[in-house]
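As written in TrEMBL, here are the features:
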{"type": "TRANSMEM", "residues": "7-28", "note": "transmembrane segment"}
{"type": "DOMAIN", "residues": "68-208", "note": "domain 'Amino acid permease/ SLC12A'"}
{"type": "TRANSMEM", "residues": "82-108", "note": "transmembrane segment"}
{"type": "TRANSMEM", "residues": "128-147", "note": "transmembrane segment"}
{"type": "TRANSMEM", "residues": "153-173", "note": "transmembrane segment"}
{"type": "TRANSMEM", "residues": "193-213", "note": "transmembrane segment"}
{"type": "TRANSMEM", "residues": "219-237", "note": "transmembrane segment"}
Amino acid sequence: MATRTNDFFTITKLLALSLIIVCGGYWLSLGHVDNLVMPDVNEGTQTKLAAIAMAFYSGILDSDAVAITFADKILGSFGSKILMPMFVSFSCVGSLNGILITCSRMFFSGARNNQLPELFAMISIKQLTPIPSLIFLGGTSIVMLFIGNVFQLINYLTFADSLVFFASTAGLLKLRATLPSSVLENRPIKISILYPILFFLMCIFLLVLPFFHSDPWELVYGLFLVLSGIPVYTLFVHNKWRPGFVKSTWIGFTHLIQKLLYCIPDLSGSS
């Protein structure tokens, strides 16, 4: 069901993009090129590298509803009031559906490798999905909605994601340089080392240059958000000692969640 839902929203997103491209090309073919001549085409353009890097975070959201304005100009009231808002809603729901599928499985995979509480490695007997991970992800997402400035929240989390991608790519490059050739030859997925290097350089661009922006503290908060996982990992994962009452309380809470959600631990990938 989740796969079919994701396919449907992906198709609607592609249809919306195709509609914009075709209608835009038709509009230009009629001679409406007023905004493509100098100096109008450069109006409001920023050429600073730091501003360009920040645009990948939330700069595109600082503009007006371009899709709605475009639809009103080309398709009339039906396009601006019904068609394009519907496509935009489908795109948002589809992206949210994909995030819920992938991120909940990340919690699930981490718990199976003993990097998170065993509770997150449990799956529903009926739906065969990691229900505890989904509920935790949804709950934390709702809490984040109470942050007053959504643009700051986007900058926090996008920078944190970029930092995680940077660390993951750096680990990949290190493994490619240090693992023996016999192991590398038997890896299931083989691509040129050029692609990880290019992605690594892009991550450096997105991580370093935004600090030269007018308000780099938003990025510093995102850095602290990622680094806050280090003491949590040290106290609750690396440290194996637990007080007796903490163990008994957590075991009781885990059993309660199992009964409420009708889920069991997945032992297929555990050691």
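Each Cβ is built from the backbone N, Cα and C atoms, and glycine gets one as well.
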Residues sitting near the transmembrane segment (82-108): Cβ under 8 Å, six or more positions beyond its termini, same chain?
2, 5-6, 8-10, 12-13, 15-16, 19, 67-68, 70-71, 75, 116, 120-121, 123, 129-130, 133-134, 136-138, 266
Checking distant contacts: for the transmembrane segment (128-147), what same-chain residues at least six beyond its ends satisfy Cβ-Cβ under 8 A?
2, 100, 103-105, 107-108, 111, 119-122, 153, 157, 257, 261, 263
Cβ under 8 Å to the transmembrane segment (7-28), counting only same-chain residues 6 or more beyond its ends: which ones?
36, 67, 70, 73-75, 84, 87-88, 90-91, 93-95, 97
